[in-house]
């Protein structure tokens, strides 16, 4: 199928070349957003938007989670997110979950930039690969959010005939009590609703993308190398040599969707083209995710507002934490341990991207 897409879009020249941007630059993207013509922005985000919160990434050499799981005595690093392995050996996953549990980290500038897009009325949807729930903490939730790889927000019994649901607080109590969560109804394992290797992505991911992408007039991709399927297929089911397998190297990509109607009917996407002589649409901004968002916010005239939002929201979160844990929390201690470990080393190595990217059965 990819060969046929390439044939139609490149050899036969059926792709649209109509320019939406006056030049391939971040400045032009900002002008497009401010023009009033850009009303349906979709954000695709991955591990890199959470790195500055202190959450280690997965695949970076030496600093990623997969490179620092020796203490769990796994047969191979990915086993910690393998559904069959989890059912027989749940201890490593829940030990890791305690280190990285949602509620111990604050959203980043990227998360609040996406929230600003929502508040400005131009965000159609945010599609995230992350399971850290920081989008929800920043105020991006409900209909605005597609958690493609699931979430810690809810959990379910793994037994097919039971499937009893549990909330975040119930799971947190079990994890921080060093208990393996067991169903109160049938005594089977209870697993957070994140997508493990061997599981399918949420149905909503597939149904919503069919509605969203035909209407999308700007796609912002941050913190993902677009190596994981089927999430990466959202951009047109293309791979490109411009993308690195290390996600923190491609941390901010903006590109406008102007697909040819004929190609749309045939189901062919456009791929990404940043620097060829035929490039007309895609813009790459290579920087940290937070710096990329600040740069675009500055060009939009939103920088001061964004910085104030981050400052106020972080202060609110800190205040709530102090009220809940006046003497200092166990969660704070755990967060410190995580940051001192792989996360701190990741920051030292140019800030590797964060948040889990377990693959589904369809992705393998």
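Even glycines carry a Cβ here, placed using N, Cα and C.
What TrEMBL says about this protein:
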type	residues	note
DOMAIN	19-303	domain 'Deacetylase sirtuin-type'
BINDING	47-51, 57-59, 129-132, 224-225, 289	NAD(+) binding site
ACT_SITE	149	active site, proton acceptor
BINDING	157, 162, 183, 186	Zn(2+) binding site
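Summary of the Zn(2+) site environment: with the site residues 157, 162, 183, 186 set aside, the chain residues having Cβ atoms within 8 Å of the Cβ mean position are 158, 159, 163, 164, 184, 185, 187, 188, 190. Neighbour counts were taken as the number of other C-beta atoms within 10 angstroms of each residue's C-beta; across the binding-site residues 183, 289, the minimum falls on 183. Cβ crowding, taken as the number of other Cβ atoms within 10 Å, peaks at 49 among the binding-site residues 49, 162, 186. Within the group of binding-site residues (47, 131, 157), the Cβ with the highest number of other Cβ atoms inside 10 Å belongs to 47.
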